[in-house]
Structures are given as C-alpha cells and as structure tokens.
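Residues or ranges marked as heme binding site in Swiss-Prot (evidence: sequence analysis): Tyr105, Cys125, Cys128, His129. Residues annotated as signal peptide in Swiss-Prot, with sequence analysis given as evidence: 1-42. Taken from Swiss-Prot, the feature transmembrane segment covers 355-375, and the record attributes it to sequence analysis.
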Amino acid sequence: MTTFFISKVNGPVNKSLIWLKIHIYEFFLLKFMLLFPPTVCSTNPDCFKSNRIVNCFLDESPYFFRWVGFSLQKTQVAKIILCLIAVICCELSLTSNQINTSQAYPIFAQQNYENPREATGRIVCANCHLAQKPVELSLPQAVMPDTVFEAVVKIPYDQEIQQVLGNGKKGGLNVGAVLILPEGFSLAPPDRIPEEMKNKVGKLYFQSYNPEKPNILVIGPVPGKTYNEMVFPILSPNPETNKNISYLKYPIYLGGNRGRGQIYPDGSKSNNTVYNASTGGTIVDITPASKKGGYNLTIETANGEQIVDKIPPGPELIVSVGQSIKPDQALTNNPNVGGFGQQDGEIVLQNPVRLQALIVFFIFVILTQLFLVLKKKQFEKVQLAEMNF
C-alpha cells in the first residue's frame with residue numbers, strides 16, 4: 001500500500017530510498033576496505049581511527065588501484081564477492097520497490113493533472129480505467145462548522161474474481177478513491193477524530209492530491225477485500241475564521257476504482273486490456289514471446305508483407321494460425337474485471353445561528369398554538385355562561 005504523499009517523481013519516498021542506498025553502500029564500502037588495513041591510505045594511517053574513512057578513501061583514490069591490485073587470499077575474495085552480491089540484491093529490491101510505488105494509482109493522476117476533475121465533470125482516472133463500475137458515497141445531510149464528520153465510500157465488486165497482474169499472473173483486486181471536497185474542507189487531524197471513528201477508519205492513510213489542494217483526498221491502492229468500504233474523516237471549515245467560506249450547500253465528488261487500468265498515461269496499453277490486430281491479413285505464425293508468457297503473432301498482409309504484433313503476458317488468445325483477420329480485430333479476450341465509477345453528493349454547512357433561530361421559531365409556534373387553544377376554551381366558557389343566564 002502506498003502510504004506516503006508523493007507529489008512529484010523526486011518526492012519524499014524517493015529521497016528516503018536514496019539515503020537508504022547511500023547508507024547501505026557506505027556500510028559495504030567500510031566492510032570491503034577493512035579487509036585490507038595494511039595497504040589502504042598509506043599516507044594517512046590515522047584514518048582508521050576516525051570516522052573519515054570514506055572521505056579519506058575518496059581523497060586517496062590513486063591508492064585504490066594499488067589496493068585492488070594486492071594479491072588476495074581466497075577467503076578475502078569470497079568476502080568481496082558476497083559483499084558485491086549483497087549490494088546488487090539490495091539495489092534491485094529498492095529499485096523494484098521504487099518502480100512499483102511510482103506506478104501505483106493515483107500517482108498517475110497526481111503527476112499528470114493539476115486538477116483531477118475536468119471541466120466536463122469527468123474525473124481523470126477514467127482516462128486509464130475504461131470500464132464503468134458503480135461506487136457509493138454516503139454523507140450527512142448537514143454539518144456544523146469546525147466539526148468532524150464521516151464520508152463513507154463503498155466500492156462494491158465480486159471478491160471471488162481475480163485480475164491479471166503486471167507479470168501476467170492472477171491476483172486479488174486493489175481499490176482506490178479520490179474524494180473532491182469543497183474549498184475549506186479538509187482531512188481531519190488525528191487529535192480531532194473521535195475514537196469510534198478511528199476504529200472505522202482503521203489503518204487507512206489518506207493523502208492530499210497536492211500541497212495546494214488539501215481539499216482533494218486520494219487513497220490507494222489498498223486491498224479490496226479489506227477496504228471495499230472506506231471511511232474518510234472530514235473536518236468542516238468555520239466561516240467565522242475563514243471569510244472565504246459561506247454557509248451554503250456544497251457539492252462533493254467521488255471517483256473510485258477497483259482493479260488495474262487499461263492504459264498508461266503515455267498512451268501505451270497495459271496487459272489488462274484487449275489487444276487488436278494492427279493490420280489485416282492472415283496469421284502465419286504464433287510463437288511464445290518469453291518464458292514468462294506472451295505471444296508474437298506474425299500477420300501476412302495481402303501484399304506479402306509480414307507484421308509482428310506483440311502481446312504481453314495476461315490476455316488469452318482467441319485467434320489461431322491460418323485465420324484471416326481484419327484491421328483492429330480482437331486478437332485476445334478482455335481480461336479486465338475492474339472498473340471506475342463516479343458519484344456526486346451534497347452537504348450543507350449549517351449556520352448555528354440559523355439553527356437557534358429555527359428552534360426559537362418552533363417554540364414560538366408551539367406557544368402560539370397553546371394560547372389559541374386556551375383562548376378558545378375561555379371563549380367557550382363565556383358563551384356557556386351567557387346561555388345559562
């Protein structure tokens with residue numbers, strides 16, 4: 001789960017990874033150098049007595065070549081190889097983690113769109129998630145200023161189904177959501193959230209869309225089986241302290257998706273969509289693309305030219321060798337089982353003075369009705385007394 005706020009490619013997560021790599025490399029460099037204390041830094045033997053060993057090593061770079069040319073024992077060679085393997089494995093794991101983080105939605109939207117809601121009302125997540133699925137948004141009818149309330153988001157789907165993962169294998173669906181609040185509304189700070197609401201929120205971590213838009217909240221991807229219903233703790237603004245806010249009815253927009261997208265922001269297809277023929281002709285050959293899966297389809301056109309269409313692991317072929325196909329004809333099934341949906345809601349920022357005035361009005365109406373009843377009883381008694389005379 002992406003639990004850090006990333007507004008740019010070089011955001012806090014990437015910086016932390018860089019520092020982690022530096023510390024790891026420094027550690028292995030120290031271990032590597034300590035294997036040969038007699039030959040390192042011959043001009044400065046006190047370097048091992050201080051914490052300047054790395055700087056000294058860099059300053060004495062000519063001695064490095066004499067150092068590595070030193071005749072090594074077998075045990076020392078083995079230690080060097082193990083150190084290098086450990087560094088390479090660490091680099092690969094960190095790089096892989098960084099790539100997965102940067103490719104996780106809603107990072108795509110944050111990096112490519114200043115505002116997630118277009119002028120037409122469509123949320124930009126629909127540019128990559130092409131299938132339409134329902135989402136639900138539950139809001140209170142009205143809230144008081146400077147109070148914390150719940151916005152409940154439901155992303156329903158059949159939890160028995162599995163989606164195609166990036167490596168072509170099957171796995172569970174993730175869910176994500178973007179909640180566009182009115183200006184002034186924001187995520188409630190932890191010290192303002194009631195304990196009961198904290199239990200409903202669980203371990204979810206919400207992000208601002210960017211530092212300039214704290215009223216737009218995003219979350220995901222998170223496991224769909226656990227978080228197909230999410231509670232957003234929202235803090236309402238106070239017009240008494242923020243003069244840009246008024247006591248009005250405000251719209252709230254929700255976008256929610258389950259599963260992976262079909263198109264990347266650069267326009268390329270993912271392996272979670274249908275693949276079509278780039279040209280018409282006859283399929284003359286189908287070969288596996290790699291051990292991990294995928295296919296290379298060779299299509300021979302009417303003029304004898306052969307075109308190779310590449311299909312990544314994931315989609316299943318629905319054509320065979322010798323079959324005649326037309327341009328843009330589907331070569332695979334559509335493996336996508338997820339989709340994106342939008343939902344709008346409204347909430348009233350209620351003025352406490354209006355509420356107090358309404359209560360006073362109701363009391364006045366009740367008293368008026370009571371006095372009318374009493375006056376009617378008095379009038380009936382007077383009429384009855386006059387009739388007796």
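Backbone N, Cα and C define each Cβ position, glycine as well.
Here the binding-site residues are Cys125, Cys128, and the one with the most other Cβ atoms within 10 Å of its Cβ is Cys125. The Cβ neighbour count for His129 (heme binding site), using a 10 Å radius over every protein chain in view, is 26.
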